[in-house]
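Below is one structure, written out as structure tokens, with a few remarks after it.
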Amino acid sequence: MDAIILCAGKGTRLYPITESRPKPMIPIAGKPILEHIIEKIENYVEKIYLVVGFEKEKIIEYFKENPKIEYILQEKQLGTGHAVLTAKNFIKDDFLVLNGDIIFEDSIDEILVYENAVALSKVGHPENFGVVELGYDNKIINLLEKPKKEELPSNLINAGIYKLQNNVFDILENLVPSERGEIELTDALKKLIENGKLHGIELNGYWNDIGHPWDVLSANNRFLNKIISKVSGKIENNVSITGNVIIEEGAVIKPNSVIEGPVIIKSGSIVGPLAYIRPNTVLMENTFVGNSSEIKGSIILENTKIPHLSYVGDSIIGANCNFGCNTITANLRFDDKPVMVNIKGKPVKSVRKLGAIIGDNVKTGIQVSFMPGVKIGSNSLIGANCLIDNDIEQNSFVYKKDELVITKKRN
């Protein structure tokens with residue numbers, strides 16, 4: 001049996017983090033979403049076909065040492081069904097299909113029992129997903145895409161993990177494109193349902209569809225809480241380390257710093273002196289958190305520098321960023337209500353605590369503050385003394401035009 005993982009999309013709801021990387025390459029607990037998926041399935045399959053598109057080179061480079069992986073280019077993103085069809089000439093038997101933006105804990109053993117099966121998950125807001133109605137013997141009798149609340153047949157949703165027979169390719173080839181002009185895998189599933197040939201198996205463990213920035217942080221928290229301590233880096237004098245902490249070889253923790261796990265600090269990173277790294281934080285390779293800076297519940301991507309007197313909370317900071325002194329990310333509203341985030345032009349409720357989502361190659365001057373939930377596009381410059389309370393597009397230069405008045409001092 002082989003597997004197909006769908007990795008070609010752009011992940012626009014996760015901008016600006018996905019402006020310069022495929023969504024499956026966003027790190028969760030220090031490694032890409034896609035690596036978590038591959039680890040869950042590689043013992044079941046002979047070959048793993050990654051259907052790639054946007055920023056494909058980053059996926060190919062990262063997994064180049066894995067002999068099971070081959071790549072199929074989806075030049076135009078014409079739907080999930082079209083993505084599966086690109087693998088038709090490579091698949092000779094039953095196969096797995098997985099969305100490249102999910103993360104889960106359960107084994108897939110149970111779905112392998114059936115000829116055609118879909119993994120299901122219970123969620124709190126099923127109206128945002130494809131919702132499934134189960135009948136006798138786990139047969140799926142209905143699949144509704146994002147139904148209204150009053151039309152919900154259950155709280156079980158399509159979890160984006162499938163085991164299918166090879167003849168599904170024939171169904172896909174004969175589908176009529178959707179209103180969006182796309183070939184949808186769910187339309188093929190509906191054909192199987194009509195013929196009584198699709199089963200649903202509920203996942204009992206954690207599952208998350210990584211659709212928004214706060215989903216990244218939530219999954220990161222979950223998987224960080226499973227780590228086992230391993231300290232291989234250099235720990236200097238008067239450093240306090242509590243909880244489960246991974247400090248890779250080549251990392252340096254300078255004097256009088258405090259680290260409270262779960263935390264991962266990757267190779268080449270420097271922390272301190274006098275830095276405070278709080279729980280649920282990941283510092284990717286070659287990051288620098290300097291004197292009197294505090295990081296809490298955040299993911300700091302590679303080569304980013306937060307040198308001094310700064311606070312980053314519940315945030316995702318892109319690669320190659322450089323924060324000026326006293327850069328602050330606010331992460332909580334006065335009224336304790338969920339932070340509102342602009343997603344594709346619409347305000348969306350997120351979670352109670354959410355800081356800033358900052359793209360790659362962003363630089364800030366001294367005393368820059370970000371209000372909760374703001375997004376800063378890649379390659380932007382934020383000048384000194386700015387309070388950022390709206391999203392900033394990529395390649396922007398933001399500065400404050402205060403007038404400085406100079407007069408002669410009176411005696």
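Heads up, residue numbers simply count up from 1 along the chain you see.
The backbone N, Cα and C atoms fix where each Cβ goes, glycine too.
Listed in Swiss-Prot for this protein:
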REGION    1-204  region 'Pyrophosphorylase'
BINDING   Leu6, Cys7, Ala8, Gly9, Gln74, Gly79  UTP binding site
BINDING   Thr80, Gly130, Asn142, Asn158  N-acetyl-alpha-D-glucosamine 1-phosphate binding site
REGION    205-224  region 'Linker'
REGION    225-411  region 'N-acetyltransferase'
ACT_SITE  His308  active site, proton acceptor
BINDING   Ala384, Lys401  acetyl-CoA binding site
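Counted with DSSP, the region 'Linker' (205-224) comes out as 12 helix, 3 strand, 5 coil.
When the recorded positions Asn142, Asn158, His308, Lys401 are ranked by how far their Cα is from the Cα of Cys7 (UTP binding site), Asn158 comes first. Remark: Asn142 (N-acetyl-alpha-D-glucosamine 1-phosphate binding site) has Val132, Glu133, Pro153, Ile193 as non-local neighbours, by Cβ distance under 8 Å and separation of at least 6 in sequence. Each of the binding-site residues Leu6, Cys7, Ala8, Ala384 was scored by the number of other CB atoms within 10 A of its CB, and the lowest score belongs to Ala384. A 10 Å cutoff on Cβ-Cβ distances gives Gln74 (UTP binding site) a total of 22 other Cβ atoms nearby, all chains included. Note on proximity: among Leu6, Gly9, Gly79, His308, the recorded positions of the record, the Cα nearest Gly130 (N-acetyl-alpha-D-glucosamine 1-phosphate binding site) is that of Gly79. Cβ proximity to the UTP site centre (mean Cβ of Leu6, Cys7, Ala8, Gly9, Gln74, Gly79, cutoff 8 Å) flags the following additional same-chain residues: Val51, Val52, Gly53, Gln77, Thr80, Ala83, Gly100.
Secondary structure at Ala8 (UTP binding site), taken from DSSP and collapsed to helix, strand or coil, is coil. The Cα of Ala384 (acetyl-CoA binding site) lies closest to that of Gly9, out of the binding-site residues Ala8, Gly9, Gly79, Asn158. The local packing around His308 (active site, proton acceptor), expressed as other Cβ atoms within 10 Å of its Cβ over all shown chains, amounts to 18.
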